[in-house]
Amino acid sequence: MMFLPIFFFFSLLFSFSQASVVDFCVADFSLPDGPAGYSCKKPAKVTVDDFTYSGLGKVGNTSNIIKAAVTPAFAAQFGGVNGLGLSMARLDIAVDGVVPMHTHPGASEILFVGLLHFQINSGKTNALAIVSFSSSNPGLQILDFALFANDLPSELVEKTTFLDDAQVKKLKKVLGGTG
């Protein structure tokens with residue numbers, strides 16, 4: 001019997017959520033993106049095209065250093081997910097391709113916000129993954145680029161990564177860093 005009051009309490013709590021104030025909030029790209037996301041389009045200007053996105057059906061270009069491509073369906077590409085607290089992306093990974101160690105500071109893809117993770121294709125054919133996020137703008141921070149595609153002094157990077165000078169300079173050269 002204790003279940004009923006708890007259920008009532010949570011039902012009441014969720015009914016006060018601001019998330020249910022509007023049915024949709026299509027991103028208005030004519031206004032700037034802010035900390036709370038994009039502003040909503042006026043309902044009179046919303047069209048059916050705002051709720052369709054074909055990007056996830058297109059194969060990404062994997063002819064790059066990591067042999068992988070990410071096609072996002074975030075609020076910036078698909079205005080219909082603005083304000084819904086979710087988004088998706090398509091990962092195309094060629095044989096021996098990898099999505100380097102990375103994190104999504106604004107959402108969770110695996111379990112926790114900010115969890116470091118990677119994807120690798122160790123198979124004999126190209127891999128495809130459709131991933132979902134707990135935010136319409138999850139962000140992406142690739143660890144390798146954060147460490148080596150910058151102008152931090154190599155000595156500082158050496159101390160924080162336990163790599164020697166030659167390794168740090170090689171990685172900075174490959175990823176476009178200086179210092």
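Start at 1 and count along the chain as shown; that gives each residue its number.
For all residues, glycine too, the Cβ spot is worked out from N, Cα and C.
What TrEMBL annotates here:
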type     : residues                       : note
BINDING  : HIS102, HIS104, GLU109, HIS117 : Mn(2+) binding site
BINDING  : HIS104, GLU109                 : oxalate binding site
DISULFID : CYS25-CYS40                    : disulfide bond
DOMAIN   : 54-169                         : domain 'Cupin type-1'
SIGNAL   : 1-19                           : signal peptide
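Positions of TrEMBL features highlighted on the structure.
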| residue | record | CB count, 10 Å |
| --- | --- | --- |
| CYS25 | disulfide bond | 22 |
| CYS40 | disulfide bond | 18 |
| HIS102 | Mn(2+) binding site | 20 |
| HIS104 | Mn(2+) binding site | 22 |
| GLU109 | Mn(2+) binding site | 19 |
| HIS117 | Mn(2+) binding site | 13 |
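A straight line from the CA of HIS102 (Mn(2+) binding site) to the CA of CYS25 (disulfide bond) spans 29 Å. When the Cα atoms are compared, CYS25 (disulfide bond) and GLU109 (Mn(2+) binding site) turn out to be 23 Å apart.
The CA atom of CYS40 (disulfide bond) is located 33 Å away from the CA atom of HIS117 (Mn(2+) binding site). Residue counts for the domain 'Cupin type-1' (54-169) by DSSP state, with H, G and I taken as helix and E and B as strand, are 25 helix, 32 strand, 59 coil. Per-residue pLDDT, averaged across the domain 'Cupin type-1' (54-169), gives 91.
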